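**Q** Okay, handing you the structure first.
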Amino acid sequence: MELKRVVVTGLGAITPLGNTIDTFWDNLVKGVSGAAPITRFDATHFKTKFACEVKDYNPADYFDRKEVRKMDLFAQYAMVAAEQAVRDAGIDPQTIDQDMAGVIWGAGIGGIITFLDETRSFVKNNEVPRFNPFFIPKMISDIAAGHISMKYGLRGPNYGTVSACASASHAIASAFDLIRLGKANIFITGGSEAAINEAGVGGFNAMQAISTRNDDPATASRPFDKDRDGFVMGEGAGALVLEEYEHAVKRGATIYCEMVGAGMTADAYHLTAPHPDGLGAQKVMENALKDGNLKPEDVDYINVHGTSTPLGDIAEPLAIQKVFGDHAYKLNISSTKSMTGHLLGAAGAVEAIASILALKNSIVPPTINLFEVDPQIDAKLNLTPNKAQERNIKVAMSNTFGFGGHNACVVFKALN
Amino acid sequence: MSDIASRVKAIIVDKLGVDETEVTNEASFTNDLGADSLDTVELIMEFEKEFNIAIPDDQAENIGTVGDAIAYIEKNAK
C-alpha cells in the first residue's frame, strides 16, 4: 500500500516566550530567556525558585467561567494552542469530514495542579472523602484531546500520548502515521504541560534534575555549557495541524512544509539517565531518517533535546556524531530549551514548531547561554551559540527523550 | 427572597456560569441551566458545604430545580 503524504498547515503556541506563534518566534530568534522567579506559589523554601512560566495569561480571555472550572491549566493551554492552529490552518470544522479528523495530544504529567489541590482539600477536611466530581476528568492527561475534539466536533481517532518529555513528539509521530495510513485526513496534534506547582518543582528538585541557579535565572538553562546544572521547568503548549497532502491542496491551504519521517525507540537502560553512548538517541535519529527516505547529508538543522542536564547534553551530541559522521560538522544544532525552558510533555510540539519555522524563515534559533562549551563535547560542532544564524534549510529534525528511556524524533522537509 | 434562597441562587450563578435572571424557582438544573450530571453533583456538594448539611444521595436525586433545592435546604438547614 502506498503511504500518503503529510503536510503541516497550521501552528499554535502558548509559551514562556509569548502567547502567540509570532511572539514566540520573534523572541526565539532574538535569543530571549523566558526564565524568571516563580510567581505561581511561594517558592521560598524550595531549592529552585525560578522557572519559565507562561506570562500574562488570563483564562477569562479565552474561556467562560464554567468552562475554566472544568479544565486544569494544562488542558486550558491545549485549547488555546489548538484554537490558534485551527485558525492558522483556515479550517472551518463544519466544512470538513469530521469523522476523518482527529486529535492526538501529548502531556507528560497531566493535571498535577488539580491533583495537588484536591489532595490538599482532602487532608484539610480530616480526610473525609468529598472529592470534586471534576477531579478525575480535570486531572487525566488524555482529557486535553477530549476537550479539543468536543470543541471542533472531530470524531476521528482521539487519544493522548504519555512518554514524559517525548509525549508531544509521540503524538505528532502517531498523527503522522495515521494520516499516512489513510485513517484520517487531518489531525490537531501537539502537547501541553502545566506542572509549575509545589509538587512539580519539589518533585524535580528531589531528583536533582533542575537548575538551582537562583541568583541568575536567565542564564540557568545553558545546554552544552560546561557549568550547566540541570534543566529549567517550562510550561505551555504547542499545536500543529497535520493534513494529508491532497486534502490540503484541494482546500487551498497554506502549507508550511512536509512531514516526512518519525522515529521511536527506547534506551532500555535506566529510569532517568540516558544511555551513556546515546544509543537510543542514535537509533531514533537513524529510524527517522530511514522513515523519511533521507540520507544524513540531507539534514540541515537539528533542534536537539539538549535540556541542560550534565549527562544528557553529553550523550546527545555523541549520538549525532555517530549518525551523521563528518556531516555532523555541517549541521546547525541548537537547543531552544535555553530560552523556553523545558516544557516537558509539550517540548516536542514547541520544538517541532521551532524547527518548522526555522525551515520556513531560513533562520536557525540559537542556543543561548553558551559561555564555554563543555570540553567533553566536540568543539567543531556548530551549536548555534548565542546568536541566530541564517541558513537555507531543506530538512529539519527535532529530538525528544523522556524519563523512562522513551525517544522520539520527527523530521520536516521543505515542500518540493 | 429569603436568605437561603439568595445564597442558593448565588452558588448556582457561580457554578453554572448562568445569568441571575435565569435562576428562577422553576428552572431545572439540567433542562434550563445547562448542567450535566457532574455539575449537579458539584452543586449538591456546594449546598452541603454552604449550609453545613449532608444531603443523602437518594434525596439529592429529587432535587432537580432551583425551588427543589431551596425547599430542601429550608427544611433541613440547622
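Just so it is clear, glycine is given a Cβ too, placed from its N, Cα and C backbone atoms.
Automatic, uncurated: that is what TrEMBL annotation is.
Values in this document were obtained by computation on a predicted structure and should not be read as measured data.
Feature annotation from TrEMBL assigns domain 'Carrier' to B:2-77. The annotation O-(pantetheine 4'-phosphoryl)serine is assigned in TrEMBL to B:Ser37.
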**Q** I want to check the contact list for B:Ser37 (O-(pantetheine 4'-phosphoryl)serine): same chain, sequence separation of six or more, C-beta distance under 8 angstroms. What comes out?
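**A** Sequence-distant Cβ neighbours: B:Thr30.
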**Q** Which state, by DSSP, holds B:Ser37 (O-(pantetheine 4'-phosphoryl)serine): helix, strand or coil?
**A** helix
**Q** Pop the mean pLDDT for the domain 'Carrier' (B:2-77) in here, whole number is fine.
**A** 93
